[in-house]
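Straight from TrEMBL, the features:
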BINDING   CYS44, CYS52  [4Fe-4S] cluster 1 binding site
BINDING   CYS53, CYS56, CYS61, CYS75  [4Fe-4S] cluster 2 binding site
BINDING   HIS266, CYS302, CYS340, CYS448, CYS478, CYS519  [Ni-4Fe-4S] cluster binding site
Amino acid sequence: MANEFRKQAENRSIDESCQPIIEAGLKQGIETAWERLEKQKPQCGFGQLGICCTNCDMGPCRIDPFGNDPQKGVCGATADTIVARNLIRMLATGAAAHSDHGREILEVLYEAATDKADAYTITDVEKLKALADEYGLATDGISTKDLAKALSLKILEEFGTIKGKLQFYERLPEKRKALLNKLGIAPRSVDREIVETMHRVHMGVDNDYINLLTHGLRTALSDGWGGSMMATEASDVLFGTPSPLSSQVNLAVLKQDQVNIILHGHNPILSEMIVNAAMDKDAVAKAKAMGATGINLAGMCCTGNELLMRRGVPIAGNMLNQELAIMSGAVEAMVVDYQCIFPAIVDVAGCFHTQVISTASKAKFPGATHMEFEPHSAVQTAAAIVDQAIENFPNRKKDRLCIPNNPADWTAGFSVEALLKALGGSTDPLLDAIKSGQIRGAVGIVGCNNPKVKHDFAHVRIMERLIADNVLVVGTGCAMIAAGKAGLMMPESAEKAGPGLKAVCQALGIPPVLHMGSCVDCSRILVLVAALAKALDVDISDLPVLGSAPEWYSEKAVSIGSYFVASGVTVHLGLSPRILGSKAVTSLLTQGLESVVKASFFVETDPDKAADAMIEKIDQKRKALGI
Ligand code: SF4
Ligand code: MSK
């Protein structure tokens, strides 16, 4: 039986740091996402094909996928309408999640500028001035705080602006802007596009699948070149623009002799304060008095990525590691903000001493302790959270500890600014390497874990294949945490790259897989590809670059994939979206879009075949560019 459990653990994940914990959980009968997925099987076929509609109370309605009756919902909606509506509803939820996060960061920037949130300072004044300039604000003789106030208000206005355009959209190359303007899908404001999606999917509004999907692209653009980009830029102003640093990753970053606090979710606003609170000497002294040797912070998912990028805080794991971290028996507190947090962590925590502490008014977890975060009292809340974790240390059951050894080393912090600095101030060396063929192209690998895919396997396999073929990988989110755990993010990892890429990485002292941040930081990838296209005076769709989400699960990923495609980057998906119930929608998204936005989606579940297809597409782009 023990062997059986080990085999099961190895089948679930390639992350060696979590396999012993999965095995221990199986022995103890602790339910995790993998068990819950099994219990859901067979998952509803109508749902998987996207042909179940619950949009109104005449339904729910289902379309027969074999062409028999019924072929229409009670209202008359066809499979094409239902599939397109369901997809853009998902997309809008993802765009809303990113953008609402962005709005909150901007509100804290405003409060910091108006002395309502003293704990926050403006760290990157240079970026503040550059952004103010971009927004047409006078900067001479204006104090930093006044500038931050004016800028945050100006950007916040764009959530509901009536001027009909977003400033960051101007960052697109002229050719792309002209195309999007011609198609009529330039985003008009952030909230407007999301609200309009919700309007269009109501019964009896937009029933034309092409019209629905076209607006889906506009909504996604309002996320990529709007809400997400605002979140990235405002976070940089507040907490600093990332630059390369070293840290560690995987569940072995948890410490046997210290109070372990995990910071999980997406928003850095409170967690940055917890990083400070954990360094407080009274808190450390109290931890020691409680029998620990100190306080250890570890990130999880994108709150982790935010803290890693700017503060070098180690990361315990990505999305499928969240329950496993608690099952190490070594976590005193898991502090959560929002997005990608399993409700089930409260149940798993119930089997151990871990306290789940929720902090966002909009994300409460029944069974968790709620300690609400407000910017004006951030320092006190952070201190109280750290104190609660310290108090919980004596409750740890030593005989249930299962902390793996050997954390992996990694480097992160590759903002566009840091990359340009490494390149000597311009994109030219990168473009020269691409033109000469030393670097064949680049792929942005982003997104999540999904228990339908062996944890981290698709991410890592695709990355290994691409770098071996001289394709530079950049990325964000849980994909990058997978890469770090697999040892692909050290300068020495260049050894795993093909000769051209290896030489470039060694010359610059960078790894072949570059961590650019959290989910909202996919906007950094947009800025990078826009800069490359502008330097070559081509459209983004002409570049030998692709996007890939090998293990995606979230609605945010639907929005990210769509804004990449709308920006001209073809995107690989490792799992099919729920669109196969409509041939028309499937064909539009996987082929038809090429003639509209010069990019499209393709689905390939086999990581090797996906890597082959990406390399082929990169070579086609190179040929078309004449390089
Ligand atoms: Fe059924 Fe139409 Fe209502 Fe959807 S909107 S549930 S297809 S009646
Ligand atoms: S956390 S959206 S599982 S990347 Fe950003 Fe990871 Fe995907 Fe959440």
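The backbone N, Cα and C atoms fix where each Cβ goes, glycine too.
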Collapsed DSSP category at CYS302 ([Ni-4Fe-4S] cluster binding site): helix
Residues near CYS302 ([Ni-4Fe-4S] cluster binding site) in space but at least six apart in sequence (CB under 8 A): GLY265, HIS266, GLN339, CYS340, GLY477, CYS478, SER518, CYS519, VAL520
Candidates near ligand 2 among the binding-site residues CYS53, CYS61, CYS75, CYS448, judged by a Cβ under 6 angstroms: CYS448
CYS448 ([Ni-4Fe-4S] cluster binding site) and CYS53 ([4Fe-4S] cluster 2 binding site), Cα-Cα, nearest whole angstrom: 26
Sparsest-packed of the listed binding-site residues (CYS52, CYS75, CYS448, CYS519) - C-beta count within 10 angstroms: CYS75
Rounded to the nearest Å - Cα separation of CYS52 ([4Fe-4S] cluster 1 binding site) and CYS75 ([4Fe-4S] cluster 2 binding site): 13
Of CYS44, HIS266, CYS478, binding-site residues neighbouring ligand 1, Cβ under 6 A: none
From binding-site residues CYS44, CYS56, CYS61, CYS75, the one whose Cα lies nearest CYS448 ([Ni-4Fe-4S] cluster binding site): CYS44
Site with most surrounding Cβ atoms, counting all protein chains shown within 10 Å, from the binding-site residues CYS44, CYS56, CYS478: CYS478
Secondary structure at CYS52 ([4Fe-4S] cluster 1 binding site), reduced by DSSP to three states: strand
